[in-house]
Amino acid sequence: MAIFDQAIRRLSLSLSLSRRRSSLSFSTLSSNPLRVCVVGAGPAGFYTAEKMLKAHHGAEVDIIDRLPTPFGLVRSGVAPDHPETKIVMNQFSKAAQHERCSFFGNFTLGSSVSLSELRELYHVVVLAYGAESDRALGIPGEYLSGIHSAREFVWWYNGHPDGKNLSPDLKSTDTAVILGQGNVALDAARILLQSTSVLATTDIASHALEALEQSSIRKVYLVGRRGPAQAACTAKELREVLGIKDLYIHINEVDLHKSPEDEEVLKNNRIHRRVYELLSKAATSAPSHPSSSQRELHFVFFRKPDRFLDSGEGSGRVAGVHFEKTVLKGAFLSINGVVVTALSHLLYVAQHLNRTVGPGKQIAVGTGSYEYLDCGLVLKSIGYKSLPVDGLPFDHEKGVVPNIKGRVLAETSGDPTQLEKGLYVCGWLKRGPTGIIATNLYCAEETVASISEDVHQGEIAPTSTFPKPGRQGLLQLLDNRDVRAVPFSAWEKIDSEERRLGNLRSKPREKLTTYENLLKVATE
């Protein structure tokens, strides 16, 4: 690995020295440009870099990431059978190849370099590293074997190097329960139920394809706390899973009965209305029973997990989920104090996402009635969670960095006058794990607008008196610590090799799924 270290360092340093600078910065001479570091090479990070390059005609932008590969969830989160969504990588590549932009991967904020060091090296630091952990349910049995987060499962089938060793047991059971009904949950269900002959033509990881080919899973239950009028998925994702060939769909028609509050939701939200229509059509058009050869997808509404049950054989494996039935109550009613918490959350969402909180909002409340569902595999699709780093103000309850339009607040009190100068956020770290890839475009526009305003007002000003070393300082610091930074040119080698290997298997690419193989190809 020492050879790899030396090669990567030479590659990184030569790349930084060969970059041509533009003749003018935003308001300074090229000898002292605005230096910007974006932490996180996913959609939020690349959109931020793109907007910065356009808004500041001389700024140098460096994008860093802990992985040796760029593009974040576009590479590791988007389902393999959604190649059209991944086309955005071409746009991001153009940004990375811009003469004033660099990508450096394979080192971690917090251990390889601290946030305080980055702030010393750059005039502007934008944190866009997303959410790489999971929310917990906090119920008994949550850590039994056979229970995984949907994030882990997605990383596993997408070839993320941290998901290589997940090895979900798909052989010992014919039933899987997915908690949640958002797009990630539907992706997971589709991967479990789709024909492997279809998946074989995608860039799904080979280890996942092999496991799916031997899978015994025949029934998947998608379970939600609320009803079909509140389902969190999009119509596009729902159509795809409903359209799987020779798949039996089961929805209890009684769950489709609409309350006046449901009518209000559907009247005011086109996405929810279309999803409800698709579910209704699927419920009424499906046969009463599956054939013996069919796989099954069951939509289960008005249920929340109460606890996970052990097989009782001393194996520590999950054998089922104990659910409490729920009903919906208006968020503006008083229900033993529970609604007060819900209302606070709704107000927070409205404040940060510019959404209206109206009388149609409802929450799921337990009824005290329970039921049990046998299964041997559980995927929790209940939300991603961002993690803090040293020196970063962080709201642990909401899982975000306290900010105003991307400007990081010095404390969680919300005082807009107390800001962390030169420090900004974008993406899930800014607004929570919500939205689609395009949502990050608007999020980045807002953050970059805040940066530009601060530059105009002199809050951020490159000066000859206090210059910032930027890229060269970062590379020197990493070199001193023997940290191997992978530049974009090394990623292009990985990309080329994955495409070559994929071509041999009639796939768009064959992903390299270990750090060792990724770094080996990067240094060849």
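Glycine is treated like the rest: Cβ placed from N, Cα and C.
Remember, TrEMBL labels are computer predictions, not curated facts.
Per TrEMBL, these features apply:
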| type | residues | note |
| --- | --- | --- |
| BINDING | Ala44, Leu73, Leu109, Trp428, Gly435, Ile436, Ile437 | FAD binding site |
| BINDING | Gln181, Gly182, Asn183, Val184, Arg225, Arg226, Glu237, Gly435 | NADP(+) binding site |
| DOMAIN | 35-197 | domain 'FAD/NAD(P)-binding' |
Since the record lists Leu73, Val184, Ile436, Ile437 as binding-site residues, which of them has the fewest other Cβ atoms within 10 Å of its Cβ?
Ile436
Give the sequence-ordered list of residues that share a chain with Ala44 (FAD binding site), lie 6 or more positions from it, and have CB atoms under 8 Å from its CB.
Gly72, Ala128, Gly130, Cys426, Gly427, Trp428, Leu429, Lys430, Asn440, Cys443, Ala444
Please give me the CB contact count at 10 A for Arg225 (NADP(+) binding site), counting all chains in the structure.
22
For Gly435 (FAD binding site), which of the binding-site residues Gln181, Asn183, Arg226, Glu237 has the nearest Cα in space?
Asn183
Using a 10 Å cut-off, grab the number of neighbouring Cβ atoms around the Cβ of Trp428 (FAD binding site), all chains included.
28
Cβ atoms within 10 Å, counted per site: which of Gln181, Asn183 has the most, among these binding-site residues?
Gln181
Between the Cα atoms of Ile436 (FAD binding site) and Asn183 (NADP(+) binding site), find the distance and write it as a whole number of Å.
10
Using a 10 angstroms cut-off on Cβ to Cβ distances, just flag whichever of Gly182, Gly435 is the loneliest among these binding-site residues.
Gly435
Rounded Cα-Cα span from Leu73 (FAD binding site) to Gly182 (NADP(+) binding site), Å:
16
May I ask which of the binding-site residues Leu73, Leu109, Ile437 is closest to Arg226 (NADP(+) binding site) if we compare their C-alpha atoms?
Ile437
Validating a neighbour-count step here. Other CB atoms within 10 A of the CB of Glu237 (NADP(+) binding site): how many?
21
